[in-house]
Every structure is written in C-alpha cells, then in structure tokens.
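What Swiss-Prot says about this one:
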type     : residues      : note
DOMAIN   : 63-286        : domain 'Fibrinogen C-terminal'
CARBOHYD : 173           : N-linked glycosylation site
CARBOHYD : 198           : N-linked glycosylation site
SITE     : 209           : site 'Implicated in ligand binding'
CARBOHYD : 214           : N-linked glycosylation site
BINDING  : 221, 225, 227 : Ca(2+) binding site
SITE     : 233           : site 'Implicated in ligand binding'
SITE     : 243           : site 'Implicated in ligand binding'
SITE     : 259           : site 'Implicated in ligand binding'
SITE     : 260           : site 'Implicated in ligand binding'
SITE     : 271           : site 'Implicated in ligand binding'
C-alpha cells in the first residue's frame, strides 16, 4: 500500500514540474494502479514530450504552481496564508470532485488540513453520537464543529505520507498538543483501520493505544471488547478495549461524574474531564523539509 502510494505521489510531482494537466495526471495514476509502473513511465514520457515541444529550457526550468492543490500544505506553498475554508483536489478523489476543507495556516508553520473540531457551537452534547454512514460521509460545519468524513480522510492520507496533530484546550485555556508521524487509515472495506507512527508533544500519548484498530460507531461494533465501546462511550472512534482518547464523545464541557464518555484525553485529564475545545489536523511529513 505504501509503495503504491509513494509511486503515485512521485508521479504527480513530476507531472506538476512539467505542467501536465489534471486529466493527464489522473491517467498516469490510473495506469500505475492497474497495469504497473512500466506502462505509467511510457505514458508519462509521452505527455512530457508533448509539453516540451516549442518550449525553451529556461521556461521548463521554472517552478510550476499546482492549479489543483491536494491539501492545505499545497495551498500554503501557493502563497495563501490566512486560515479558513479552501477547496482542494485530493489525488484519489479526482473522479468524485473537490473537497471543501478548513486550513490552519498559523499553528507550527501552518499548512494543516483540519479533519475534526469540537467546541461550544450550540449543538447538542450528543451531536457526534452518530451512525456509521455519518462518519463515513462526514458531518457538521467546517467553520465550527465537524467530522470531515472517513472516506475523505482515507483519500487524503493515502496520497502521500502525513502526520496528525491534536490540539487540546481546557476550560482554563491551558493547551496541550500531540503529534503522531505517518498517520493514515484504510478504506471502508478494511473498516478504516488506523495506522500511526511515533508520538511527540506535551499532552501525553493517549492515541497510540488505538493504532491498528478499526473504526466503530453506535451501529457498527468493530472493537476488541466484549461490550460495544461506541455505545458505552457515546462516540465514533478507533476503539480497542475501549479507549485512552475519545475525542468524538459527548460534549460535557469540563469535569463530569460519568465515566470516560466525554471528549477525553486520559494522559492529560483522566476519564472525568471532557475537553471543551479540540482539533485534529494533518500535514505532509515532508512539509518540514520543503515548506520551511
């Protein structure tokens, strides 16, 4: 999976360098996926040859700004530095259309594509206690609280290597963060299984336990516990037996008497404190090299 994903990413970079169109890039990715790398190289050579006709070397050597940014890091590199809503074109989403996403252009250099936000936006406390289809397709308002959608998160995280960042805030406005390298999920056929790498940050490692586990919701029990974790803890998440983080749980806004069913990050606040504000966001791992 990773080898194919990396090949598709390199092919797209080459296409951008030589000014290939979106349809030409899509043809390259389709050929690579279906018939192999050799056929893809032949198609790519043909397209590049067409682009080089009647062009001087000085023109070809100029960097080409991608007309179809694939994530918020691309948007930042294209010169847009304000946080807010943007349109992107993930590579594996081309046949479906564009995605509207919220870009965080301020945190740690910017370029983050936000995939989840919780806050006090007037929705019911159980707003995130939804069935599989809602988590599959996404819900909410990207300017407020929302879940981007597991299909979309899959499309994003399988086009290149990403890290994920969790930004957490308590009622006293104290903040913590956690970063995990090499974050990606599998598709629906594989129950959106979670994959993450090494942890860093000051929030404590409350997501690492969920690595390798499938997504569960109120109507789909894919955890490893004898009970139904999503029903018990009132959210959609990569539960195992059951959780050390529950960022899609009930919005309980601080301390609560119930056990572990709020927006929990155990390593920082334990199981009786529901965080009033959290964000989950992703950025390409190589951004730290090419983006700064």
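Placement of Cβ uses the backbone N, Cα and C atoms for every residue, glycine included.
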Self-check item: Those recorded positions of 227, 243, 259, 260, 271 having Cα within 10 angstroms of residue 209 (site 'Implicated in ligand binding')
Solution: 243
Self-check item: Three-state secondary structure, which DSSP defines for residue 221 (Ca(2+) binding site)
Solution: coil
Quiz item: Which whole-number mean pLDDT does the model give the domain 'Fibrinogen C-terminal' (63-286)?
Solution: 96
Practice problem: Work out how many Å separate residue 225 (Ca(2+) binding site) and residue 198 (N-linked glycosylation site) at their Cα atoms, rounded off. | Solution: 25
Quiz item: Given the recorded positions 209, 225, 243, which one's Cβ is surrounded by the fewest other Cβ atoms within 10 Å?
Solution: 225
Quiz item: Counting other Cβ atoms within 10 Å of each Cβ, which of the recorded sites 233, 259, 271 scores lowest?
Solution: 259
Quiz item: Per DSSP, residue 173 (N-linked glycosylation site) is which: helix, strand or coil?
Solution: coil
